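Asker: Quick paste of what TrEMBL says about this protein:
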type	residues	note
ACT_SITE	Cys373	active site, nucleophile
ACT_SITE	Cys373	active site
BINDING	Gln252, Phe279, Glu299, Asp347	S-adenosyl-L-methionine binding site
Amino acid sequence: MSTEIVTIGRLGAQGDGIAQTEAGPVYAPFTLPGELVALAVNKAHGTLIALKEASAQRVEPPCRHFGPEGVNGTCGGCSLQHAADGLYHAFKRQLVVDALRAKGLEPEIAPLIIARPGERRRVVFTARRTEKELLLGFNQAESHHIVAIGECPISSPGIVSRLATIRKIASAMASNAEPFRITVLETATGLDLAFEGIKLGDRQRRATVEAVLGERGIARVSLNGEIIIEPVKPSIDFGGVPVSPPPGAFTQATRPAEEAMAKLVLNHLGKAKRVADLFSGIGTFALRIARTARVHAVEGDDKALKALDFAARNTQGLKPVTVEKRDLFRRPMMAQELKVFDAIVFDPPRAGAEAQCHELARSGVKKIAAVSCNPVTLARDLSILASAGYRITSVTPIDQFLWSAHVEAVATLEK
Ligand SMILES: C[S@@+](CC[C@H](N)C(=O)[O-])C[C@H]1O[C@@H](n2cnc3c(N)ncnc32)[C@H](O)[C@@H]1O
């Protein structure tokens, strides 16, 4: 460990400031380009000791849990609250530009669709019981330390205003000092709390039911996928189609980002009459598309597909929707199967859709919309399609994870 005074050159892909030193690059969280800083350097990691010359782009972080001075520790949820909007938005868009350029792709990249505080409707908390209290919050970066939060400016007011209630229910659930996870989804009928990683005795089960009954605004509590109490079915809406998600289901993290993505996808599909939605989840895109086109939804998670299927069958005015459970990494839809569709939407997890894109490349389908939460795997997948003659007609970066280094993107392609 040594102390060094360095100038930060640029932001790295994780949002850390990077200083070039004689020994190589040093990554320093909570610093900005142009800043002169004193760092405690341990190999390639720099801990900010003193800010000698601050950037004009530095702003006061809105949350008291952010940064090296954070209350209860450094919350690992955000990494860029100290950057002014202009710098932060340019950084996010550039993540997509750089990832595509690294694969030799230089299409026009649209301006970033920005996120605002208070939009997050889905949050994953970590919790742990201590002798004194129930800690509920986020892990400190690269650590098991839980930063107990009293506020969270990225999360929706519907979640933040119920932190005490969530803590009370978590307290009733916790049986020992082991940490556990709670996925909180704000739905139209109340919060859906999905607990994972607890062993529940009868006593905790009863205490949980009582804690929920004493509170308003909780739609459901589940543990490891099993419903414990469901005063009202959680419900979310995809373009006017209500869906009841299974416990802990994937949903896009914010509604505005979801709507922006859906609009880009629907605009691209235009008058397509037969569409396949690959990695469909509970139907974020499929159910919206079904207003105007027949949809085949393919997904690996059985419960998600059942929720999608149920919603499609119980909503009037939709075109036919079929569903298929399939592992698209091991058994991608083959070029022959894809040929019957006018358009394909795919929205894979962070690993991307490499095997599927090799089949898409051979399919000749006219229109493709790629939705991604990882610009690096998106770039790889787009390069497979571009090599097969697909033209990238638009790429739009979308901020869904405010003040983090994650960015979504929707790319549209044609042949
Ligand atoms: C990023 S989510 C998108 C879900 C949906 N399109 C949405 O917007 O809500 C990725 C989806 O891929 C599914 N998935 C992950 N691995 C898969 C695989 N190997 N085969 C099929 N589906 C998979 C997950 O269950 C999840 O629903």
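Cβ coordinates are placed from backbone N, Cα and C, and glycine is handled just like the others.
Where in this structure would I find these features, and how exposed are they?
Answerer: For Cys373 (active site, nucleophile), the same-chain residues 6+ apart in sequence whose C-beta sits under 8 angstroms from its C-beta are Pro349, Arg350, Gln400, His406, Val407, Glu408.
Take the CB of Asp347 (S-adenosyl-L-methionine binding site) and look out to 10 A: across all protein chains shown you find 24 other CB atoms.
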Asker: Let me make sure I understand the structure: which of the binding-site residues listed (Gln252, Phe279, Glu299) has the fewest other Cβ atoms within 10 A of its Cβ?
Answerer: Phe279
